[in-house]
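Below: one structure, written as structure tokens.
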Amino acid sequence: MLSLDFNNELIKAAPIVGTGVADVSARLFFGLSLNEWFYVAAIAYTVVQIGAKVVDKMIDWKKANKE
């Protein structure tokens with residue numbers, strides 16, 4: 001919920017329920033917080049992309065040597 005008070009120049013924002021639920025459920029897996037899971041996901045994504053690039057280059061190298 002967002003509350004704007006123009007007289008006192010205040011903006012009050014209550015946390016979204018989904019964020020709280022996501023944080024609690026994230027802590028159930030290995031005790032990591034939500035932003036730590038983002039770090040894990042970013043590292044895993046990077047490793048997968050590097051692996052995919054290596055496989056792609058190996059396939060290109062095999063095709064070049066076959067001809």
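Every residue gets a Cβ built from N, Cα and C, even glycine.
For reference, Swiss-Prot has these:
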TOPO_DOM  1-36  topological domain 'Cytoplasmic'
TOPO_DOM  56-67  topological domain 'Periplasmic'
TRANSMEM  37-55  transmembrane segment
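Long-range contacts of the topological domain 'Periplasmic' (56-67) within the same chain, counting only residues at least 6 positions beyond its ends with a Cβ under 8 Å from a Cβ of the stretch, are absent. Beyond the topological domain 'Cytoplasmic' (1-36), no same-chain residue lying 6 or more positions past its ends has a Cβ under 8 Å from any Cβ of the stretch. Averaged over the topological domain 'Periplasmic' (56-67), the predicted model has a pLDDT of 90. Mapped onto DSSP helix, strand and coil, the topological domain 'Periplasmic' (56-67) counts 11 helix, 0 strand, 1 coil. For the topological domain 'Cytoplasmic' (1-36), the DSSP-based tally of helix, strand and coil residues reads 15 helix, 8 strand, 13 coil.
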